[in-house]
Structures are given as structure tokens and as C-alpha cells.
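Note sheet for the following structure.
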Amino acid sequence: MHIKSIILEGFKSYAQRTEVNGFDPLFNAITGLNGSGKSNILDSICFLLGISNLSQVRASNLQDLVYKNGQAGITKASVSITFDNSDKKQSPLGFEVHDEITVTRQVVIGGRNKYLINGVNANNTRVQDLFCSVGLNVNNPHFLIMQGRITKVLNMKPPEILSMIEEAAGTRMYEYKKIAAQKTIEKKEAKLKEIKTILEEEITPTIQKLKEERSSYLEYQKVMREIEHLSRLYIAYQFLLAEDTKVRSAEELKEMQDKVIKLQEELSENDKKIKALNHEIEELEKRKDKETGGILRSLEDALAEAQRVNTKSQSAFDLKKKNLACEESKRKELEKNMVEDSKTLAAKEKEVKKITDGLHALQEASNKDAEALAAAQQHFNAVSAGLSSNEDGAEATLAGQMMACKNDISKAQTEAKQAQMKLKHAQQELKNKQAEVKKMDSGYRKDQEALEAVKRLKEKLEAEMKKLNYEENKEESLLEKRRQLSRDIGRLKETYEALLARFPNLRFAYKDPEKNWNRNCVKGLVASLISVKDTSATTALELVAGERLYNVVVDTEVTGKKLLERGELKRRYTIIPLNKISARCIAPETLRVAQNLVGPDNVHVALSLVEYKPELQKAMEFVFGTTFVCDNMDNAKKVAFDKRIMTRTVTLGGDVFDPHGTLSGGARSQAASILTKFQELKDVQDELRIKENELRALEEELAGLKNTAEKYRQLKQQWEMKTEEADLLQTKLQQSSYHKQQEELDALKKTIEESEETLKNTKEIQRKAEEKYEVLENKMKNAEAERERELKDAQKKLDCAKTKADASSKKMKEKQQEVEAITLELEELKREHTSYKQQLEAVNEAIKSYESQIEVMAAEVAKNKESVNKAQEEVTKQKEVITAQDTVIKAKYAEVAKHKEQNNDSQLKIKELDHNISKHKREAEDGAAKVSKMLKDYDWINAERHLFGQPNSAYDFKTNNPKEAGQRLQKLQEMKEKLGRNVNMRAMNVLTEAEERYNDLMKKKRIVENDKSKILTTIEDLDQKKNQALNIAWQKVNKDFGSIFSTLLPGANAMLAPPEGQTVLDGLEFKVALGNTWKENLTELSGGQRSLVALSLILSMLLFKPAPIYILDEVDAALDLSHTQNIGQMLRTHFTHSQFIVVSLKEGMFNNANVLFKTKFVDGVSTVARFTQCQNGKISKEAKSKAKPPKGAHVEV
């Protein structure tokens, strides 16, 4: 791409429209007197290219570029340059279709700057992209050498010369970005220090302080809760003591008064007894001789009656047992019959299914035969109407069928001719192409072999990846799962601690009493070792266990002793050693009696309502084995007070019935059940253990997956590289001429095969159509006979179809009857099976009834036997009484003496009780006053009075010793006052905020550190590439530098070398040789020689990265004529592919140019004249002889 013409209008000294045409594609020169406007042409080119530093075009702002700053009536400056774009290799991106590109830039005073490309408005960026794509970046212009550039190069130090090489090699931009990146790293480093300082000096101490304050706050809350709990407990205890004193004093007062009355009654009773005894003694004396044994006879009669009743009940009992055995035998027979019927029923169902399937098959066959009959009837009707059947079964006339055959023959012949022509053409083309493609291109073969090798390597990599058995994204999913598990574990721990904080009694912790302590020896609290089968029984089970729920189960008494002595237990615990505990359990006989009494579903042993490990059997029997649990109060009362049971019983609602004299009940506390909370705690603990095990397993899996993941990533990266390489090779093969020829050959071969197949098919179609036509033609000749034959065939087919349809219909109806019969049999079997079930249920009910009756009768038989035994004993006793009557009379005298002595004792006791009655009256009055005062001071006593002293309640005085609670309360009040002075109530919320800020800063810190690591790695990698590119650039520039300098100064040589003791990367300096003598520095050279050195370096760098256009502005100003002449020759010889526009005042320079432009300043405006020069530098005669050169030679305005 090169400049063809420039149009200037209102630009600097070019007031009028000035066209500068006919630029030479290679060497152009501009000359003229100072101030004539020759440099303004260069300024116009820079202006159009979009220069941003206006000082380089000798202007301070865009208004300075307008002719006389717009004060001469011209308010617009416009520059338009036409570029030759016929060489498409150097064409800008996107402009390959244009042979010429015209770019215009306009600036209007007080208006805006405007660009046009080929007459169309364009923005600054698009113009910059256009010129930058061909190496014409005017804001970094290596193609532009202005006045003073040579002096600047001569004064450069080694690092500055190196920077020019870097600029030429394109690595300078990297250095700028590297410095920017290093500054970014320094900023990030400062940010890291800031984050670290904030973490160390602010957040971490704050978090530590807040954690301590949180601990204090939690301790303060714990103390407050305990004070509240213990205060109520202690006050409740004091209230109970006062109330107990009041009640006890009143009860004891009443009891003593009753005792006085009782003693007085006993005195009176004893007097009566003494009189009665005296009377009995008299009677006994009288009856001693009269009694002859009448009582004995009555007792013997009673014995006989008891024996008769016993025999009768025993007979009835034996009869019921026989009936039960009979029913059980009947049940076995029914069960046997049911099993046999089930087998028969299953066999019959299979048979029904089989016959039903056969019926379906017959129905399908019957339907098909019916359809065939309809088709035969239709065919008969068509033949009767004079129609005939074609090959498709459709009815048509013979003439119509013959016409269709003719069409088929004609179509087949046409297709055959087309296929023959296509085949002939393809065969000829194939022959020609095969002659052209005789051997495979060696480059194609190499690429094909390379592609195969890459594919094999890909397959090998895929096999290795598959062998690793690694799933992509598995590591990320595992990491996400680990984060989720960590969050779940944290949540569960918080829930666990919250439950323990809410219910401190659930916490059981101890210190190992000795080294290598086996924690399996301590089983834990009873409440933690059980699971309640039915949650509705929790209240009852809590009352059954009472304070034993908090007992600690251990394996041996030795373990318990060590735990108590050195376990540092936080509170008092009762120990249950499994090897020593003496457990009792309700006998199975007692349980059966209770179940018979109220029903088996209404009473249970408490032990049966909980689940536990077998090794804890003794401990659980100790806690739950001696109490019944009933569903309601009525059943509980029956069970507890039955003389055969007499066992403590608890209802599901919480009422307790104790046959030894205790009955408790009423409203229960609405607080959460301890066992329910224990179960909730266990569930949380189990889930926490599962999550921790999962996390541990996940950590192990991640550790094992790390190496595999890394190896997989490496193999995947190699595989992707090979895939890209294979795609490139495949594309290259497909774009090669050999591949295209092969594709054409394959297409021709395919065409030949298709044509041959078409020919074969058309011949077959034509043959069949001709044969059919011949048959139809014969039919037409014998139409009447043919019609008769077809009519007979149709009648025959119709009769055959009708016979077949009737037969299949008959078979289907027979099969339907068979199915209906066997279905009825199946239904009968099902009814019999149902009947057996009902009979079996009735037998089971009878057996159950007999068993219940036998159980009752067994009890009655036992009772009758006991009556017989008692009657026998009475008879025996009576016989003994008669023998011992003398002894009784003596005993009566002794009893009279005893009663008299008791009267004396009672009189003494009455005097003592009178004294105590006075004392208890005073105590009862004091207790009543204290109770009244406490009820007035504490409103909550009335609401919670029913819970005072109740087991498993907040006022359980057995579990919590009130005296110890009072002492503990005093200490807690002191702790509360101490903690209250320093506690921070906002510590919890502030700590959460501080921890979030800490985590956020740590995340930012990790991001910054990762960014820094990546940047440093990239810089290190790019530094190596930069050094390689710099060495290549230095060698190329150095070679051209020496060559150009030798051309400019024959017999001399020059090079760029690093300073002594340094490398190329440290800097470069000039080394010049005149003849065979190398100069130490440039000061030994003349001014002109130094200028040539600098110019040679500039031009050698232009050669390293050639641009389509070069602009030189009086670079020969400091040179003499001989050197100037050499520069011109050098440009002609070294730069044969670029356009040069040179401004010079010396003939030695512009005489070498192919086209010369001369500027003049006429009437305040600049003009331009064009001259074509011969190779010897002389102006053509034609151009000299005319004032105005012909068109194409020069233009003057």
C-alpha cells in the first residue's frame, strides 16, 4: 500500500485546494526554500494518520492547522490522501476488495473533527485500526524520521539504544505492562500488609476479647438461670418446711388428741374386757363338761360339701379342655384344606388364563376370516361388474392396466437413457482424473501420517484417562459436599450445646481417672441409655424411674469408685455397677394375672416399654422392672390393689398407685419431658457422629483423589493440545489440492455405482412391465373367457372364505362356552376358600373363648381345692381345740391380769400427751403465720405449689438437695455481682460481625496472594520469551546496521555491542571501524560520520519491521554532499518494497528520487510542482521546457 495523491485545502499554508498527484511507489523527494511549505506536506500526512501529539506537526491545537487560524475567511482545514491498495498482501484488514482507499480528515474552527473513508463517515478508532494494521501507528512512528532525531540517537546511552531495539522487536510494550504489573503487585503488597495489620492489630484482638466477653456473658446467663432455678427451689423448700410444720403440728395435735381419746377408750374397753373375760371363764367352766363335739360334726359336713363342689368344677374344667383340643384339631384340618384349596385355586387360575389366551387367539383368527370373507365378497362383486384386480389388489379395467404398463415402460426407458449418459460422462471424468492423480503429494502423506500418529497418541491418552477412573468435577463436588458437611456439623454442635445449656441435668461429663482409661467402662446416664418405644409412655416412665434416670451405669464397682474419687464430677451422682446390682423383676405369672384382669393391651411392665442394649439388662430391671404401666386410672387401681398382684402401678397420664399406702396424681407440669429431650439429644448426637464420620471419610477420599486429579488434569491438557493439533492437521489435509482431487474421485465413483444400479433397476422394471402388458393383451383377446374364469375363481374364493369364517366362528363360540364353564368353577373355588377363612376365624374365636374360660375355671378349681384344704384344716384344729380347752381357761386368767396392767400404762400416757398438746398448738400457729407471709411475698407459689417435691420436676428435692442449693445460691449471688460489673451484653452479636469481617478479609487476602503468584509466574515466563525475541532482533538489526553503514561510508564498518563486562540485556553501544581500526567511542569520529552512524541504526531498525511508507524530514541536514549522495543510493538499494517521501534541500539526496516535488511560496500561499526524474537524477527535458508540465508530469497551483 502506498500514497498515490494528496489533496490539501485550508491546511496551514495551503489556502486553496491543492492536489499533489503522481507519487512514485518507491522514492519521492520534496524540496524548496525554507518556509515554502515542504514540511507542511509531511504534517498533512501525520495529521491524516491521526497524530495525537500536535507539537510534532508544529501546532498547539487543531485550530493552528487552519490557514491563518481561520482569520483569512477560511474556517476549515481538510486533508485527503488516496492510497494504492492493489497489493492485497499489504492491504489493511477489511479493505481487501478495494483497489484504492481514500481517507479524508477535516477540522472546522469551533466545530468537530471528522474522518471519512472512501466518502463514508468513520470514527477515530476505525481509522487508527486501519493504519495500525499495516504498521502506520503515527503515535509510535518508527516509519517517521523528523529533524533532530539523529542528534537524539547519538546522545543515547546503552539502555536507551537497547530500548530502541526493544521497540523494534515489540517487547517494549511488554516492559511497560511488566512495570505496571509490578506496581500493581506493590499496591497489592501494601494492601496485604494493610489487611495483615488490620487482622493482627484490630480484628484478631477484638475477636479474642469478644470471645472472652462471650464466655463471661454465657457464664453470667448460666449463673442467672441457676440463681432463678435455685431461688425458687430453696423458697419452695422453705415454704414446704413452713407448711409441713403447720400441717404436721396440726396433724400431730389432732393425732395426740385422738391418742388421748383412744387411750381413754382403751381404758373403758379394758374394763369391759376384764368383765367379759371373767364371764367367759365362768362360761368355759360350765361348758367344759357339756360340749361333746357338735361343732366338729358341722365342720365335717362343710368339708364334705367342699369336696363335692371341687369334684364338680374339676369335671367341668376337664370337659372344657377336651372341647379346646377338639377345636384345635378342627383348626388344623381347616388349615390343611385351605392349603390344598389354595393350590387347586392357583392351578385353576393358570388354566383359566391359558384357555382365555386361546380364546383371544381364536377371536383374532375369526376376525381375520370375517375380514377375508368381506374382501372375497367385494372382489366377487367387482368381477361381476366387469372389473379385474391389478397387482396391488385394486379393481381396474384391463385397458386401464395396459395404459399403466405402457407408462411404466416409457418412464423406465427414459431413466435408462439418462443413467447411461451420466455413467459415460462419469467414467470419462474418472479416467481423466485418475491420470492427473498418479501419486500422492509427499507433504500430504507426511500430514496424513502425522494425523494418524496424533490420533494414536490421543487414543493412548484417552486410555490412560479412562484407566484413572476419574470423573470430571468430582473434586469440586466433593469440596462442596465437605463445606456442606462442615456447616451441618457446626449447626448440630450448636443445637447440641443449646440443649445442654437449656437442660443442664442432661449433661454428664467426667475426667479420665487414670491414664489409658477405657471409656467403654462408663455406660452413661440411665436416661441416655434407653429409647422409648411409644412416646405416649414418656410421662409414666419418668415417674417409674424417678431420680434413677440420672443414675450413672458402670461395668463394675471398681470403675464407680474411681469415677467418684478422681473423675471430677460436677454434681452428685448415684452409681449403678452392673456386676453388683441386685435387680428384681415382676414375675411372668403376675403379669398374666394383670393382663387377664384388665386386658393384655391395657397393662405393661415398664421394662417392656423401653429399648436398650442386652448388657444393660440388670440396670434396666433395677430401674423399670418392678412397676406396671396402665392406660388409665381405673385399670391402674384394679392392678395395684388386686390381692394377687399388689404392685406399684403408674398411668400414662402420670398418676401413681402404690399398694403400700401412697397415691399421687393431679395436673402434670407442662415443661418438656426429660426423656423426650434426652431422645432429641441422642438423635442430634447420633446425627453429629454420622456427619463427622462422613466428613472423615470425605477427607480421606479427597486426599486420595488429589494425585489422581492432578494427573488427570495433566493428561486432559495433553489430550486437548493433541485434539487441537489433530483438528489443524485435518483442516490442512481437507484444504490440500490432493484431498480435493480424492474427494472428486470418490464422488465420481459413487456416481458410477449409482448410475449402474439405476440401469439395472430400470431394465428390471421394463422387463416386468412388458411381461405384464403381454399377459393383459392376451386377456383382452379372450376377454369373455377370462371374465368367466375370474368369476369362477372369485366364487370359489368367496365359498372358501365363507366356510373358513363359519368354522372359526364355531370354534370361538365353543371356546367361549368352555371359558365360561371354567370361570364358574374358579368362582366356586374362591367362594369355598372364603368359607374356609370364615370357618377358621370362627374356630380361632372359639379357641380364644375356651382358653379364656379354661384360665378362669383353672383359677376356680384352684380356689375349690384351697377350700377343701381349709375345711380339712378346720376339722383338725377343732379336734385340737377340744383337747386344749383347759389351757384356754388358764390363758383367760392371764389376759385379765394383762389388761389391768395396760390400764395403768394408759393413764401415765394421757398425762404426758396433755403436756405435748399445749406445745404443738404454739408451733401450728407459728407455721400458719409463716405460710401466709410467703404466699403474700411470692405470687408464683400458688401456681406451682402442686409441683413442690414432685419427682422429675423443677422442685424435686431428692435430686436437688435444698440445703446444698441454699449454700450454692449464696455463692452464685456473689458470682453474679462480680460478673455483672464487667459483662458485655452485646458480645454475641458483635462477635458474629467481627468473625464475618475476619473471614471476608482472609478471603480477600487469599485472592490477592493468588493473583500475585500468577502475575509473577507469567512475568517469569514472558521474560524468557522477551529475551529470545530481543536477541533475534538485535542480531538482525546489527547485521543491517553494519551493511547500511558500509554503504553510506565505504570501507567502514559498524555494529551494536553490549558494554564491556555486561550482556545485551543491560544495554548496547556503538562500535565503529574505519578501515581495520575499531574506534573506542564516537568522539573520535567527525560530526558527519556520527550522523551516518545514527542514521544507519535508524534505517536498520526500519528494515527489521518494514512499513509500507517511510517519511524522512531533512535527515541529511548535518551531512556533506558525498554522504548525502550515498544515502540516496542506499535507499534505492536497501528499501525496494516501501515508499519513501524525503524532504531535503540537497541535490545529492533528491536527485536519486524517481519523482521530485518542488514547493514555492507565491502570494502568501504554497504551491507544488511535480517533476519526473531519470535514474541518473536529471530532470527530463520535456518537464524543463514547459512552464506547466503535461498531465501526469506535475501539477502547479
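Just so you know, glycine gets a Cβ as well, placed from its N, Cα and C.
Here G35 (ATP binding site) comes close to F1161: these same-chain residues lie at least six apart in sequence, with C-beta atoms under 8 angstroms from its C-beta. Residues or ranges marked as ATP binding site in Swiss-Prot: G32, L33, N34, G35, S36, G37, K38, S39.
Here Swiss-Prot flags 173-507 (among others) as coiled coil, drawing on sequence analysis.
In this model, the coiled coil (672-926) carries an average pLDDT of 77. According to Swiss-Prot, the coiled coil annotation covers 672-926 (among others), on the basis of sequence analysis.
Under the heading coiled coil, Swiss-Prot lists 963-1031 (among others), citing sequence analysis as support.
Annotated domain 'SMC hinge' per Swiss-Prot: 522-640, in sequence order.
DSSP assigns K114 (N6-acetyllysine) to a strand. Cβ environment of K114 (N6-acetyllysine): R105, Q106, V107, V108, N121 lie under 8 Å away, each six or more residues apart in the same chain. If you look up Swiss-Prot, you'll see K114 (among others) marked as N6-acetyllysine.
Taken from Swiss-Prot, the feature N6-acetyllysine applies to K222 (among others), supported by a large-scale study or a structure entry. Less than 8 angstroms from the CB of K222 (N6-acetyllysine) sit A501, each of them six or more residues away in the same chain.
For K677 (among others), the entry in Swiss-Prot reads N6-acetyllysine, with the evidence type a large-scale study or a structure entry. Cβ neighbours within 10 Å of K677 (N6-acetyllysine), excluding its own Cβ and spanning all shown chains: 19.
If you look up Swiss-Prot, you'll see K1158 (among others) marked as N6-acetyllysine. Under the DSSP three-state reduction, K1158 (N6-acetyllysine) is assigned to strand. For K1158 (N6-acetyllysine), the count of additional Cβ atoms within 10 Å of its Cβ stands at 20 [all protein chains shown].
On its own chain, K1160 (N6-acetyllysine) has G32, L33, S36, S1166, T1167, A1169 as residues at least 6 apart in sequence with a Cβ closer than 8 Å to its own Cβ. Look at Swiss-Prot and you will find K1160 (among others) tagged as N6-acetyllysine.
When Cβ neighbours within 10 Å are tallied across all protein chains shown, the highest count among the binding-site residues N34, S36, S39 belongs to S39. Less than 8 angstroms from the CB of G37 (ATP binding site) sit K12, S13, Y14, T1159, F1161, S1166, V1168, each of them six or more residues away in the same chain.
Rounded to the nearest whole angstrom, the C-alpha distance between K677 (N6-acetyllysine) and N34 (ATP binding site) is 106. The Cβ of K38 (ATP binding site) has I30, T31, G32, V1143, F1157, T1159 as same-chain neighbours under 8 Å, each 6 or more residues away in sequence. Taking the Cβ of G32 (ATP binding site) as centre and 10 Å as the limit, one finds 21 other Cβ atoms among all the protein chains shown. Across the structure, N34 (ATP binding site) and K1158 (N6-acetyllysine) are spaced 12 Å apart at their Cα atoms. According to DSSP, K222 (N6-acetyllysine) sits within a helical segment.
S39 (ATP binding site) sits 11 Å from K1158 (N6-acetyllysine), counting Cα to Cα. The number of other CB atoms found within 10 A of the CB of L33 (ATP binding site), across every protein chain shown, is 12.
Taking the mean position of the Cβ atoms of G32, L33, N34, G35, S36, G37, K38, S39 as the ATP site, the remaining same-chain residues with a Cβ inside 8 Å of that point are N40, T1159, F1161, S1166.
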